[in-house]
Amino acid sequence: MDTHAFKRSLHHSDRYNRRGFGRADEVAGSLEQAYQSSLIGSIRDNGYSLTHGRLKVRLAEAFGFCWGVERAVAMAYETRRHYPQERIWITNEIIHNPSVNDHLREMDVLFISVEGGVKDFSGVATGDVVILPAFGATVQEMQLLNERGCHIVDTTCPWVSKVWTTVEKHKKQSFTSIIHGKVKHEETLATSSFAGTYLVVLDLEEARLVADYILGKGNRESFMERFSKACSPGFDPDRDLEHLGVANQTTMLKSETEEIGRLFERTMLSKYGPTDLNEHFLAFNTICDATQERQDAMFSLVDETVDLMVVIGGYNSSNTTHLQEIAVSRGIRSFHIDTPERIHTDNSIEHKPLGEELTVEELFLPSGPVTVGITSGASTPDRVVEHVIQRLIALSEN
């Protein structure tokens with residue numbers, strides 16, 4: 001399928017909107033009340049630091065809502081204002097934050113149900129309004145909605161769209177797209193739908209398995225068993241790993257994405273030599289600026305002396321999880337929570353350790369002077385961070 005031609009056709013449809021409805025001023029007050037925080041503004045102005053009695057809070061210097069998320073949420077609010085009576089759907093969560101999605105439900109925005117990992121569009125009717133979330137939607141979903149005669153409001157982050165353009169270039173040149181991402185993440189599903197031949201690698205370990213196979217060190221059967229659910233239909237590692245381009249899910253850990261890119265460049269250089277390298281490998285630059293800024297700020301924060309770290313964001317938020325990984329890699333007590341209510345008045349905290357289920361830790365905040373580092377994912381409003389800090393202050397006073 002010519003996905004580029006389909007996008008161009010869709011963008012010219014009078015039932016498609018990706019620029020909003022000119023109602024920014026009308027929804028500004030609602031957005032400010034729901035998501036912004038004067039306390040967080042004051043902490044920023046005070047060098048990202050707050051001291052209250054024995055408690056010191058250190059905020060990362062880049063955290064919370066990124067531009068793409070702000071844009072998506074604002075467009076969703078504008079959509080409800082522009083279509084006050086119509087049924088409005090979202091193909092998934094608008095962003096990976098429970099409080100934001102709850103606010104949209106309160107505005108009578110409907111969410112497409114998912115059964116067994118498959119979205120059920122049977123309830124969507126001609127004339128309904130459907131919002132595509134910040135991390136995009138697959139080509140197949142867009143086709144279905146367009147053919148059904150829906151009004152499509154596309155809030156896809158421009159950085160995600162940039163990745164789609166990258167994999168389309170790979171496809172045009174008959175290159176396989178190596179996508180650094182989580183195979184079931186909505187953004188990676190969308191990106192792979194725009195690619196031709198593709199292979200998704202989760203991390204550097206999986207990338208090394210692919211590199212080894214390229215250099216003749218792997219076993220075909222075990223390779224296909226490992227990647228059977230992470231590749232395009234009909235993928236043949238003996239045929240489809242000769243010409244590679246690298247792209248990524250925009251919320252992955254920047255340093256790992258860069259290392260994976262360097263690994264495949266070295267691998268193709270080793271196999272084909274410097275003269276033919278450009279015929280077998282395409283360089284890339286699809287790392288989101290906002291993701292990079294938040295990760296860099298987190299690295300700076302963990303270089304300070306903090307007694308513990310609180311990382312705030314949805315449990316299905318990839319960029320939040322990677323912020324947590326940074327703290328854990330430095331041996332810092334770190335707690336990933338999705339809402340302020342996870343911090344309890346009895347000084348316990350319900351949190352999600354990396355790769356584990358929710359657990360409760362007692363005696364969360366230690367006695368005596370304590371410095372708490374705080375960051376939040378790109379889908380977390382300042383108002384949520386404020387409520388977390390308020391709970392920490394209350395605990396420190398007990």
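The count begins at 1 with the first shown residue.
Cβ coordinates come from backbone N, Cα and C, glycine included.
Less than 8 angstroms from the CB of Cys157 ([4Fe-4S] cluster binding site) sit Gly68, Val69, Arg71, Ala72, Ala134, Phe135, Gly136, Thr250, Cys288, each of them six or more residues away in the same chain. Here Swiss-Prot flags Cys66, Cys157, Cys288 as [4Fe-4S] cluster binding site, drawing on sequence analysis.
The isopentenyl diphosphate binding site annotation in Swiss-Prot covers His96, His185, Ser317, Ser318, Asn319, Ser379. If you draw a 10 Å sphere around the CB of Ser318 (isopentenyl diphosphate binding site), it holds 24 other CB atoms from the protein chains shown.
Summarising the annotation, Swiss-Prot assigns dimethylallyl diphosphate binding site to His96, His185, Ser317, Ser318, Asn319, Ser379. Within 10 Å of the C-beta atom of Ser317 (isopentenyl diphosphate binding site) sit 26 other C-beta atoms, taking all shown protein chains into account.
Taken from Swiss-Prot, the feature (2E)-4-hydroxy-3-methylbut-2-enyl diphosphate binding site applies to His96, His185, Thr250, Ser317, Ser318, Asn319, Ser379.
Look at Glu187 (active site, proton donor): DSSP puts it in a helix. According to Swiss-Prot, the feature active site, proton donor maps to Glu187, an assignment based on sequence analysis.
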Candidates His96, His185, Ser317, Asn319 (binding-site residues) with Cα within 10 Å of Cys66 ([4Fe-4S] cluster binding site): none
Output field, [4Fe-4S] cluster shell: CB within 8 Å of site CB centroid, site Cys66, Cys157, Cys288 dropped: Trp67, Gly68, Val69, Ala134, Pro158, Trp159, Val160, Thr250, Thr251, Asp289, Ala290, Thr291, Ala378
Chain-internal residues near His96 (isopentenyl diphosphate binding site), provided their CB is under 8 angstroms and they sit 6+ positions away: Gly313, Gly314, Asn316, Ser317, Ser318, Thr320, Gly377, Ser379
Cβ neighbour count within 10 Å of Cys288 ([4Fe-4S] cluster binding site): 25
